[in-house]
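Heads up: the structure comes next, in structure tokens.
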Amino acid sequence: MLVNFADILKDAEKGNYAVGGFNTPTLETLKAVIDAAQEMNSPVMINHAEGDQCVVDIDVIGPLMIEYAKKATVPVAVHVDHGLTDDFVLRAVRAGFTSIMYDMSAYDFETNVEKTSKFVKIAHSMGVSVEAMINEMPANMPGKGMTIGWNTERTDDIPLSEFFTRPGEAGEFCERTGVDALTVSFGTVHGKYVAKPVLDIQRLTEIKAKTPNTSLVMHGGSGVDANQVRDAISHGVKKINYYTAMTTAPAPEILKTIEGSKDPIYFENIAQMGYEIMKEKCMEAIKVFLNKD
Ligand code: 13P
């Protein structure tokens, strides 16, 4: 069933688990995520990032996402990931997306507050929930290729801690904007980790203390070990974005199949393999996010 993310995040706060936010720019990822969530009996968020507009337009994938959400046996929020322009996020609202990440993190703090507050008023008047972010979080996504508005390869050597969210700023931002959820940075990056990620749980605890009425979101869930993910959930994170590990999982298996085959390779068989492998990865992630054992 199609739901608003404020509702599923409220339940996650009560139940001390996190809802996975998975990007679904292809039919195979969309089916994989919905089927994984149904099999795990877990609520889920399906995301379309503005950066993936060059993979597929929201006019094409949006109605499919909404249709799959409506038909699902579990609660599904249809969400914009990293909405960078007003034009795009308003298109998403009109298309029926139930939540938007309005990402004005490239702007300075005051401009971000001003833009986000205005957007929250519009979105809330239409029953749409809003996630926001302060301070840009680095990305390291070699091989991603097609993307819009993102610097996908990390070439600087600035320590990751320089990007960590400052608790006082987080508190002030949430109070002044009224956002439903805030993406916080305390040790993750988008994409591939160069060194094993170490989450700063003390920092997360301090952020949570300043943002008691806002759900906290961790981006860059791929590659963080299960114990650290569970620790983050127990200290305030209730939505986790996860994509790279899922979307890069099929390639090695597909390569083996292609190399081992003397027959012509039918693309639909490759696509089906991709679906099955991504569904498994998604189920693995959801199992950790449910935070049960
Ligand atoms: P990963 O691809 O690193 O898992 O991050 C996904 C994400 O945060 C999308 O916003």
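Here the Cβ of each residue, glycine as well, is placed from N, Cα and C on the backbone.
Annotated features in TrEMBL:
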- Asp81: active site, proton donor (ACT_SITE)
- His82, His190, His219: Zn(2+) 1 binding site (BINDING)
- Asp103: Zn(2+) 2 binding site (BINDING)
- Gly191, Gly220, Gly221, Ser222, Asn241, Tyr242, Tyr243, Thr244: dihydroxyacetone phosphate binding site (BINDING)
_Measuring Cα to Cα, how many Å separate His82 (Zn(2+) 1 binding site) from the residue listed as 'Zn(2+) 2 binding site'?_
5
*Where ligand 1 binds, which of the binding-site residues Asp103, His190, Asn241 are close by, with Cβ under 6 Å?*
His190, Asn241
*Pick out which of the binding-site residues His82, His190, His219 has the most other Cβ atoms within 10 Å of its own Cβ.*
His82
_Residues Gly191, Gly220, Gly221, Ser222, Asn241, Tyr242, Tyr243, Thr244 binding dihydroxyacetone phosphate per the record - widest CA separation, whole Å_ = 11
*Chain-mates of His82, His190, His219 with C-beta within 8 Å of site centroid, Zn(2+) 1*: Ala49, Asp81, Met137, Ala139, Thr183, Gly220, Asn241
*Identify all same-chain residues not among Gly191, Gly220, Gly221, Ser222, Asn241, Tyr242, Tyr243, Thr244 whose C-beta atom falls within 8 angstroms of the centroid of the dihydroxyacetone phosphate site's C-beta atoms; report them in sequence order.*
Thr188, His190, His219, Gly223, Ala245
*DSSP on Asn241 (dihydroxyacetone phosphate binding site), three-state: which is it?*
strand
*Cβ neighbours of Gly220 (dihydroxyacetone phosphate binding site) where a neighbour is any other Cβ within 10 Å*: 25
*If you measure from the C-alpha of His190 (Zn(2+) 1 binding site), which of the recorded positions Asp81, Asp103, Gly221 fall inside 10 Å?*
Gly221
*Among the recorded positions Asp81, Gly191, His219, Gly220, Ser222, Thr244, which ones place their C-alpha within 10 angstroms of the C-alpha of the residue listed as 'Zn(2+) 2 binding site'?*
Asp81
